[in-house]
Amino acid sequence: MNRRSSYLLGCTAFILYSYETSGDTKDSCVFPFNYKGFTYFSCTRTNSLSPWCATRAVYDGQWKYCLIEDYPRCVFPFIYRGRSHRNCIVEGSFFGKLWCSVTSSFDEKQQWKYCEINEYGGNSFSKPCIFPSKYRNHIISECLEDESNKLWCPTTENMDMDGKWSLCADTRISSLVPGFPCHFPFNYKNKNYFNCTTKGSKENLLWCATSYNYDQDHTWVYC
């Protein structure tokens, strides 16, 4: 049997088996999970045409197809080819898309995902973060971590009143890594920036602020 036939047979077996083992799609993915002796830190296509995850730490027949919000968040910094990376990278990507490791060492686990460059999920139709925002009578200016280790943000100026939120883009959360100089978002001339910008640069070079309020602190670095 050639490799293609073996793969198709495996997919068919998984699909047929799934009719009897499929878990409730409302269940959450559990990472890491063990499936047939292998440990998975993210959704997988093993024996399936679509990405899926187990909803138990040890696969017992309960699983679900992965939605975008089911994927784990990026782990920064991570090791790739012996180098430490504090943000999403395109190195090694066949399609030039940003990606990240979902463990601290890609070299060791080879577990990864494509990076989300915009906010997603939540209850506000994937609207972007709004900072600063009021939450539990505090003013917040960065993404917050929930009980499932996901990072989220308010999408209105008053989370306490409106209750609207999204999951934070992977490209945004790198700003929370200790030692990463940029602060995203940062406010420059009364406008929020979520990525490096050339605005205000006489040399037309990308730069970012290292605190939320550039107009107040005037601290910045080139990207």
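A Cβ is built for glycine as well, from the same backbone N, Cα and C atoms used for every other residue.
Since we're looking at a predicted model, the values are computed, not measured.
The disulfide bond feature in Swiss-Prot is assigned to Cys29-Cys53 (among others). For Cys53 (disulfide bond), the same-chain residues 6+ apart in sequence whose C-beta sits under 8 angstroms from its C-beta are Cys29, Val30, Phe31, Phe33, Tyr40, Ser42, Cys43, Thr44, Trp63, Lys64, Cys66, Asp70.
Marked as disulfide bond by Swiss-Prot on the basis of sequence analysis: Cys43-Cys66 (among others). DSSP assigns Cys43 (disulfide bond) to coil, not to a helix or a strand. Within 10 Å of the C-beta of Cys43 (disulfide bond) we count 25 further C-beta atoms, all protein chains included.
Annotation comment: Swiss-Prot describes Cys74-Cys100 (among others) as disulfide bond. Cβ neighbours within 10 Å of Cys100 (disulfide bond), excluding its own Cβ and spanning all shown chains: 24. In the three-state DSSP scheme, Cys100 (disulfide bond) falls into the strand class.
Residues or ranges marked as disulfide bond in Swiss-Prot: Cys88-Cys115 (among others). DSSP assigns Cys115 (disulfide bond) to coil in the three-state reduction, placing it in neither a helix nor a strand. Cβ-based neighbour count (10 Å, all protein chains) for Cys115 (disulfide bond) stands at 21.
Non-local neighbourhood of Cys153 (disulfide bond): Glu119, Cys129, Ile130, Phe131, Ser133, Glu142, Cys143, Leu144, Trp165, Ser166, Cys168, Arg172, each in the same chain, at least six residues away, with C-beta under 8 Å from its C-beta. In the three-state DSSP scheme, Cys153 (disulfide bond) falls into the strand class. Annotated disulfide bond per Swiss-Prot: Cys129-Cys153 (among others), in sequence order, evidence recorded as sequence analysis.
A simple way to gauge crowding: the CB of Cys143 (disulfide bond) has 23 other CB atoms within 10 angstroms, across all the protein chains here. The disulfide bond annotation in Swiss-Prot covers Cys143-Cys168 (among others).
In this structure, Cys208 (disulfide bond) is part of a beta strand by DSSP. Residues or ranges marked as disulfide bond in Swiss-Prot: Cys182-Cys208 (among others).
According to Swiss-Prot, the feature disulfide bond maps to Cys196-Cys223 (among others). In this structure, Cys196 (disulfide bond) belongs to neither helix nor strand by DSSP; it is coil. Non-local contacts of Cys196 (disulfide bond) by the CB criterion (under 8 A, 6+ apart in sequence, same chain) comprise Cys182, Leu206, Trp207, Cys208, Cys223.
Averaged across the domain 'Fibronectin type-II 1' (24-68), pLDDT in this predicted model comes to 91. Taken from Swiss-Prot, the feature domain 'Fibronectin type-II 1' applies to 24-68.
Annotated domain 'Fibronectin type-II 2' per Swiss-Prot: 69-117, in sequence order, evidence recorded as sequence analysis.
Per DSSP, the secondary structure of the domain 'Fibronectin type-II 3' (124-170) breaks down as 5 helix, 16 strand, 26 coil. Feature annotation from Swiss-Prot assigns domain 'Fibronectin type-II 3' to 124-170; the stated evidence is sequence analysis.
Feature annotation from Swiss-Prot assigns domain 'Fibronectin type-II 4' to 177-223; the stated evidence is sequence analysis.
According to Swiss-Prot, the feature signal peptide maps to 1-23, an assignment based on sequence analysis.
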Helix, strand or coil at Cys53 (disulfide bond) [DSSP, three-state]: strand
Number of other Cβ atoms within 10 Å of the Cβ of Cys168 (disulfide bond) across all protein chains: 28
Secondary-structure category, per DSSP, in which Cys29 (disulfide bond) falls: coil
Lowest local Cβ density (other Cβ within 10 Å) among disulfide-bonded residues: Cys66, Cys74, Cys88, Cys129, Cys223: Cys223
